[in-house]
Amino acid sequence: MSLAQDYRKAMSQAGTSQFQEVIRQELEYSMKVELDKILATAPQNELEHTKKDLEGFKKLFHRFLQEKGPSVDWGKIQRPPEDSIQPYEKIRARGLPVNITSVLNKLVVVKLNGGLGTSMGCKGPKSLIGVRNENTFLDLTVQQIEHLNKTYNTDVPLVLMNSFNTDEDTKKILQKYSHSRVKIYTFNQSRYPRINKESLLPIAKDVSYSGENTEAWYPPGHGDIYSSFYNSGLLDTLIGEGKEYIFVSNIDNLGATVDLYILNHLMNPPNGKCCEFVMEVTNKTRADVKGGTLTQYDNKLRLVEIAQVPKAHVDEFKSVSKFKIFNTNNLWISLPAIKRLQEQNAIDMEIIVNPKTLDGGLNVIQLETAVGAAVKSFENSLGINVPRSRFLPVKTTSDLLLVMSNLYSLNAGSLTMSEKREFPTVPLVKLGSSFTKVQDYLTRFESIPDMLELDHLTVSGDVTFGKNVALKVCMRMRQTWVK
């Protein structure tokens, strides 16, 4: 029996034992030996950076071996106190100060830019996919911040957290913004080795991530932002420039624009008590039942994800009536607080074990963390229940069709729902497998249909849309249709 098999057998037994601890220590030692071998292959100019990455991975692996099963005790979960999740209308009702420029000068916008567009059939960074009038996610982000800086004569910078998958291509594109009124910085999240599911050892044999080693490494989730931001030196640079808060969001969420009312609430708290972490939440629909939710746990606000929920309570977790809100991953976080907690090694995030099967059939696991899970580590954390319009992610071509249509108008990089739309919600659109890849999707529309009066659209099969099509109320299409 292998060491990893011994570990699984030991962990399946009730309680703790000396045997479990011995096996854990042996696994950690075996991992250390393998990581030292990998580090020895690093060229001199990459040595320090690689060492930091592998040290971070070792800490995560140690915690992975210590933890067992779902990391929440369902009996401890309570509804958050009334004042811990504020309605956006109350935040907005405070208005804006006359010195809004000085408030904005303390803000940094951070976009999570580590993902590839593979789920939509694209190569390279997802942020470089065209989403509206040939503008990419990155184009729209730069336009939004440039408009903000020009309107208020301010200097809000943009920071991109890239991964080793997106860094090179992103930096090439950044040259096109050299004359825009936005300072753009980048830093890379860590690069961790994938673990063989059977042996619990890394599949990488050296530090390279090309050729045979392409699948040996992965970016460990956006929870890595805290350590990577700190290690890059950029955190200290921005604090030195007088910046106090970052607004963090996924780059594919087109609703995640800078909100002046939330920023003012942070910079000028009504009770005088500094809030170090704000999570924007919004009301769940049936499409969001798996989304993480804010709860009260051990007298702290805590983000609970479905993967942490014991199987017996998953249906209860999915209940829209009991857990009414979910995390949009739009976060406002104090820069000095990040620095303090990093230096105290006090940012606690649950481990997400992400299983993968590589092209050759090998089963591996990735150890990841989520940025919002750190909410419990910050002081005076707060949830703000924002309008659904601030959550407009583009994960599929069905989402892409919505944002490309006349449901939205585009102004200075921001999308807003058309005033001509009579319904307050967007249509439910489900495009079939023929539309999964962006290139296939584009060839099937001679022009984007009028969708102002659409309620629900399901498309299955080999369907093509002609020019000047209007989709209304509810349509179910199951045959090829060309105008």
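Note: Cβ is positioned from N, Cα and C throughout, glycine not excepted.
In TrEMBL, annotation is done automatically, which means it is predicted and not curated.
Database features (TrEMBL):
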- K126, Q189, G221, D252, K395: UTP binding site (BINDING)
- H222: substrate binding site (BINDING)
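Positions of the features from TrEMBL, shown on the structure.
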residue : record                 : Cβ within 10 Å
K126    : UTP binding site       : 24
Q189    : UTP binding site       : 27
G221    : UTP binding site       : 23
H222    : substrate binding site : 25
D252    : UTP binding site       : 22
K395    : UTP binding site       : 13
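Rounded to a whole value, the Cα-Cα separation of the residue listed as 'substrate binding site' and Q189 (UTP binding site) is 8 Å. Counted over all residue pairs in K126, Q189, G221, D252, K395, the record's binders of UTP, the longest Cα to Cα distance measures 21 angstrom.
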